[in-house]
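S.K.: The domain 'NADH:quinone oxidoreductase/Mrp antiporter transmembrane' feature in TrEMBL is assigned to B:128-415. Sequence annotations record features per position, and here TrEMBL assigns transmembrane segment to B:6-23, B:30-49, B:69-95, B:130-150, B:204-228, B:240-262, B:274-293, B:300-318, B:338-357, B:369-389, B:409-433, B:445-464 (among others).
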Amino acid sequence: MKTNDVIFQTVAKVVFFMIIFFAVRIFFAGHYYPGGGFVGGLLTSGAIVLLLLAFDMKTVKKGLPIDFKCLIGLGLLFGAGTAAGSLLFNVPFFTHAYDYFQLPLFGKTSLHTAMLFDLGVYFVVIGVTMTIIQTIGESE
Amino acid sequence: MINLPILPILIPLAAAIVLIFLSKSVSAQRIVSVIASTATVISAIIVMAKVKSDGIQTVDMGSWPAPFGITLVSDMLSILLVLTASVITLCVVLYSFRSIGSGRENFYYYPIVQFLLLGVNGSFTTGDIFNLFVFFEIMLMSSYVLIVIGGTKIQLRESIKYILVNVISSAIFVIAVGFLYSVTGSLNMAHISVRISEIGSEPIITVLAVLFLIVFGLKGAIFPLYFWLPGSYAAPPAPILALFGSLLTKVGIYAILRTYTLFFYHDQPFTHDILSMLALLTIVAGVIGALAYRDVKQILIYNIIIAVGILLFGIATMTEESIAGTVFYLIHDMIIKAGLFLLGGIMIYIAGTSNLNKMGGLIRQYPSLGWTFLLASFALAGIPPLSGFTGKLLIVRSGFAESEYVGSIIVLLSSLAVLYSVINLFMAVFWKTPETPLPDVKKRTGLLFVPAAALVVLSVLYGVGTEAVYPYVMQAVDALIQPEIYIDAVLKE
């Protein structure tokens, strides 16, 4: 039976971006409030899975030409790189730095190097989740 | 540089990350692997020199002071084991070029080996019991991949068993750590030791000691808990088997050594008696297996179990001399087991089978392989002046001094059994007339032979140069026998 999923596909296109923006919001909330790279990463992969359900693997691959296994490497690079940055300043491994900045539009903002580590977690979570889902999906 | 102890952990991690990106090019992966493994060895040597001159090195992760944050502690024992593990990994990586096959090389074999080294080095270095669990998991996840990579039928069957056993033991590990935390209120190993000596020998501490023995016993393959090991280790090819046999079980032994000298030394009549009894049963079980099988892999694998028993007996005797013997024997066993498995791998490659009954006559075409294997066998059995001798001598002597006559005699007799089993192996593979005459064409084994022989040479040097190694080992033993040294270094009191 061929299903007609025009409504699903149209909604998915919009909802995809809503989930992504929410993921970004959750990601940046992570330093002081619940959230962070892990949850943000899961939400983002949730959004991609939605696209996979609405369309098919080929279409999604065309839209997002990313090798998710490389994304794991990239995430690890961010994580290990942030931690190893402390080697340059001769402070204990994993020590993070932060300061307050006056940014246009945002006003007084605190910027942390811990965010870069969290970005690494974000990438690794997307990479691992999508690799697992793709591997299972491909065999069908 | 204050971050020195982190380097033997950080370099494999960095290498693994780079290798993930290079998964398309096998030759680039090989080059990066060799460079990274060499760099790990060099960094370990630098840290060892630093520990020798300045005492125990610690790093408080993220600048959180001990006991609140995670602390990495490089004492002499840790760094000696880290150095040994790194050297073995370098040799195994070199050996893999010609033996592991392009199927595995294309599917992340090299990055996973680096992740395994990261987990092993981390387990040796960490000074936090929960962090030990994390590094154990990194090591185990890498070993799951290594045992299943290649996907032959026997590998798939054995990996299910292996994963099941280890998932259960990891669960018990977390429970035990939670238990320990609720009793002592700390996760920092030095701090736990202080808290436990304040509590004294409460029964709950003894319960915890047994719980941790079960966890580490499952990884380290002690008597009733070794059932999964012979099958699982026989599944993957020789280089992976060498990594498993020389590193994984030894991490379990290291954890027992650390916890039983740092935490659980208050109720020795109970805990250490159990340990000693299990150690002897482990030796007996290993000997039976080693003598019964007619298979290269199985004979060598059961020799792992014998060594585990001897090491545990050294820990259970718990005098300065026996601990020194244990440390000597631990390092010896890591090196020689890796060497033997790599040599065994070459023998299997040449003969095309691991069944002793179908092998034979290799000495004519491969004399250097044969004599190296014989030398390694002697070292394994502990014939002086080779490397197994010093450790066994110290363990047995301290056993007699503590009037553990039965145990000491069993350890001595086990050496005979070890010698018999490996000489039997040597005779069957190299001396005996083969059933089917060997083909005239000699298989090329040069590049396989070099790293394996390097390990055997290292083991011989380790035995002959005992005098030079002695001060290093004794520094490691001091921190084990007197926990105050370790505690003061970590808590900086």
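Keep in mind that glycine also has a Cβ here, set from the backbone N, Cα and C atoms.
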S.K.: With Cβ-Cβ distances below 8 Å as the criterion, list the same-chain residues six or more beyond the ends of the transmembrane segment (B:69-95) that contact it, or say none.
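M.R.: Same-chain residues near the transmembrane segment (B:69-95) but 6 or more away: 4-6, 8-9, 30, 33-34, 37-38, 40-41, 44-45, 47-48, 51-52, 56-63, 110, 113, 116-117, 120-121, 124-128, 131, 188-190, 238-239, 242-243, 246-247, 250, 254, 257-258, 327, 330-331, 334-335, 338, 342, 345, 447-448, 450-452, 454-455, 458, 472-473, 475-476, 479-480, 486, 489-490.
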S.K.: Do any residues of this chain, six or more beyond the ends of the transmembrane segment (B:30-49), have a C-beta under 8 angstroms from a C-beta of it, and if so which?
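M.R.: Residues 4-5, 7-8, 11-12, 14-15, 18-19, 22, 57, 74, 76, 79-80, 82-83, 86-87, 89-90, 93-94, 97, 110, 113-114, 117, 121, 472.
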S.K.: Counting Cβ pairs under 8 Å to the transmembrane segment (B:409-433), which of B:274-293, B:369-389, B:445-464 comes out on top?
M.R.: B:369-389
S.K.: If you count every Cβ pair below 8 Å, which range out of B:6-23, B:274-293, B:338-357, B:369-389 shares the most with the transmembrane segment (B:240-262)?
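M.R.: Per the Cβ count, the answer is B:338-357.
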S.K.: Sequence-remote contacts (6 or more beyond its ends) of the transmembrane segment (B:300-318), Cβ cut-off under 8 Å?
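M.R.: For the transmembrane segment (B:300-318), the sequence-distant neighbours (Cβ-Cβ under 8 Å, at least 6 residues beyond its ends) are 220-223, 226, 229-230, 233-234, 241, 245, 249, 253, 256-257, 260-261, 265, 268, 272-273, 275-276, 278-290, 293, 325-326, 329-330, 333, 337, 340-341, 344, 380, 391-392, 394-395, 398-399, 402, 404, 407, 411, 414, 417-418, 421-422, 425.
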S.K.: Six or more residues beyond either end and a Cβ under 8 Å away: which residues meet both conditions relative to the transmembrane segment (B:338-357)?
M.R.: 88, 91-92, 95, 99, 237-239, 241-243, 245-246, 294-297, 299-300, 303, 366, 369, 372-373, 376-377, 380, 422, 425, 428-429, 435, 443, 445, 448-449, 451-453, 455-456, 458-459
S.K.: For the transmembrane segment (B:369-389), what are the same-chain contacts with Cβ under 8 Å, counting residues 6+ beyond its ends?
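M.R.: For the transmembrane segment (B:369-389), the sequence-distant neighbours (Cβ-Cβ under 8 Å, at least 6 residues beyond its ends) are 303, 329, 332-333, 335-337, 339-340, 343, 346-347, 350, 362-363, 415-416, 418-419, 422-423, 425-426, 429-430, 445, 449, 452-453, 456, 459-460, 462-464, 466.
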